[in-house]
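Asker: Grabbed the feature section from TrEMBL, which reads as follows:
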TRANSMEM  66-86  transmembrane segment
TRANSMEM  98-120  transmembrane segment
TRANSMEM  126-147  transmembrane segment
TRANSMEM  159-180  transmembrane segment
TRANSMEM  200-219  transmembrane segment
TRANSMEM  288-311  transmembrane segment
TRANSMEM  317-336  transmembrane segment
Amino acid sequence: MNKKRKMLLWLSLPLAFLVICIGTSIGSSNINIFNIISVIGNKLFSIPLIEGVGSNDVAIIWVVRFPRVLLAFMIGAALSVSGAVMQSILKNPLASPYTLGVSSGASLGVGIYIILGVSIPFIGNLALPFIGFLSGLLTVIMVILFANRVDRGMSNNTIILSGMVFSLFASAMLTTISALNTHKIEAITMWQMGSFNMRGWSYLLVGLPFFIVGVSIVLRYSREMDILTFGEDGAKAIGVETEKVKKHLLFSTAVLTGSAVALSGTIGFIDLIVPHLVRKIFGSNHKVVIPMCILLGGSFMVLTDLVARTIISPSELPVGAITAIIGAPFFGYLYFSKRSR
């Protein structure tokens, strides 16, 4: 790695922290970044607040904005890491974790839950993400089992086609039940668009264990992903159990993407944009790619959410709409540049 890349690598962590502070600072009433750092220091390390920080500032920062920004960072990181894994496994820069049908499965589960209008004791407002996560994870497990049944070697084409089959089926089922319950369409659609509105510490704390587990599995197999990029035959020749590695990585992708979709709804394209940019800047070594996807993916999502909630303040746009506006042209660029080679 050359000096320029090393410098960018070391700058990424403080830049990510700065982005988190900016995301917390800007809103209906702007708050000084030093006040934000003071409140965070006070809450985490019992450091006395600096002069001028009132109880209103503390409430806005700690209860409303900071948990939302951290959640956005975690979701962006999870989707970016998932995208990097899928692109590595399938050896395709256009691959996405949504290929596995996790988004369609989660949307179907949430749609059924909204239409039935039932309540789940003990988990309160976390029922929706809970249902979304379970249904998304169940869909991915079915995709993996189906792909393994059809093709023991789980070739890339088998994984993609299996994901498409289940994704299209889940989407068709959701369309059908939505058409039969038109009075619930708005609630289902708003959830699908993706948002961090009204997401507090409870959402962040629920998602954090899944994020840690998913990223830990991915980091465990970073060397194997490097080898897989040169082809499965070569990987098998040097002793890599490709089927086992693929299953574990697909499971980690399901955990990361399933929890992300469950907590925030469907937010597309970030899983495509960030891994591509990271590889372009830092190379293809996954020991570097994965941490950089966490930092850049999280920062990108925080900035996107900032635009979504301030551009038409006091109302806000779905964050999924902003990522789509940015991501659709980028997807076109990737597709046509790939074809031209």
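Note: Cβ is positioned from N, Cα and C throughout, glycine not excepted.
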Asker: Tally Cβ pairs under 8 Å between the transmembrane segment (126-147) and each listed stretch (98-120, 159-180, 200-219), then give the stretch with the top tally.
Answerer: 98-120
Asker: Do the transmembrane segment (66-86) and the transmembrane segment (200-219) come close, with at least three CB pairs under 8 A (pairs 6 or more apart in sequence)?
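Answerer: Yes, the transmembrane segment (66-86) contacts the transmembrane segment (200-219).
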